[in-house]
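As recorded in TrEMBL:
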TRANSMEM  38-55  transmembrane segment
DOMAIN    83-127  domain 'Homeobox'
DNA_BIND  85-128  DNA-binding region
DOMAIN    130-331  domain 'TLC'
TRANSMEM  179-198  transmembrane segment
TRANSMEM  205-224  transmembrane segment
TRANSMEM  262-282  transmembrane segment
TRANSMEM  302-323  transmembrane segment
REGION    339-384  region 'Disordered'
COMPBIAS  358-376  compositional bias 'Low complexity'
Amino acid sequence: MAGILAWFWNERFWLPHNVTWADLQSTEEAAFPQAEDLYLAFPLAFCIFMIRLLFERFIAKPCALGLKVQASGPQKAQPNAILEKVFTAITKHPDEKRLEGLSKQLDWDVRSIQRWFRQRRNQEKPSTLTKFCESMWRFTFYLYIFTYGVRFLKKTPWLWNTRQCWNGYPYQPLMPDLHYYYVVELSFYWSLMFSQFIDIKRKDFGIMFTHHIVAVTLLTFSYVTNLTRVGTLTLCLHDVADIVLEAAKMANYCKCQKLSDLLFLTFAIVFIVSRLGIYPLWILNTTLFEMYEALGNFPALWVFNMLLVILQILHCLWSYLIIKAAYKAISKGKVTKDDRSDIESSSDEEETVPRSKTLNSTVTTNGTSGANGTNGYLTCSEEH
């Protein structure tokens, strides 16, 4: 085990030439990031999750009810032991052959059985109230941590001059405010890593899971190597768009369509400008060019930049989906399914309804009809 740890923490990988771990040990004069500091993130992640449960129950839910957010979920399927057994033990999406067999066994027509399975799948979806509470929690956290980040960063020299991120590296003392900022953000992402398995499921679950892994790895990696200055810039930049997104969802759940449309379009603009404009020109520019000019080259920098580039690839994927959703909303003027991650998994969407029932309305994935705007793109609750 000692040999494995020695190999893993090889100074030639993690640190610049002629720098050792002993040089970065905290003293009475100056504190430096230590890997063991990050163990605090695990109990804190559990605390954040418990705070979330209390917040959703005692703050978000009363607010939702006061705003008359719909509390009931989808219509429940009528009890049927045979169909329930097939649903739970065999398949939630029976094929044509199984539908015909069940039709003969129950003396039901195939359309009625399809409707039962659709209703049974839908009744497992969360209610609008549940989604509102989740969005309100995320909105509150993102607003708090973004405000904290701005208040901290406006006092630092590296906000205005990114070259200051590398001045004196790696002997940059760890400020208490920076340590708090990092640990809280890391704890929040750890809580998302685990809670997304019980949260509202979305069709980009894989991309979101990848994003959380990259975020946790980046936070951990940058803290251990004391690349925290540029890390704080990245954190603050990423939180701003999420605030607007969660606000747009809450407005949608409250059926404030004009406000929801305005917030969604604002979110699209903020996301694209921050993730496709400011991020590569501000963050990637300093890590890919200014960092190498100031520090030279050692392996950890390559890994750090690789993770930042993966994050940019995810930004491009999401930007495509956001632009696609906004284009549909503006050009077609009608509600369709959301093409981004803030809807539930597409696997449970309803089968096509007869043409006679769709001539005068458009049905969203949550069963809410709409005529125009971006309202249909926000019928759910997410993360990022």
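Cβ coordinates are placed from backbone N, Cα and C, and glycine is handled just like the others.
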Per-state residue totals over the domain 'Homeobox' (83-127) - DSSP helix, strand, coil: 31 helix, 0 strand, 14 coil
Long-range Cβ neighbours of the transmembrane segment (262-282) (under 8 Å; 6 or more residues past either end): 162, 233-234, 237-238, 240-241, 244-245, 247-248, 251, 312, 315-316, 318-319, 322-323, 325-326, 329, 374, 377-378
For the domain 'TLC' (130-331), the mean pLDDT of the predicted model: 93
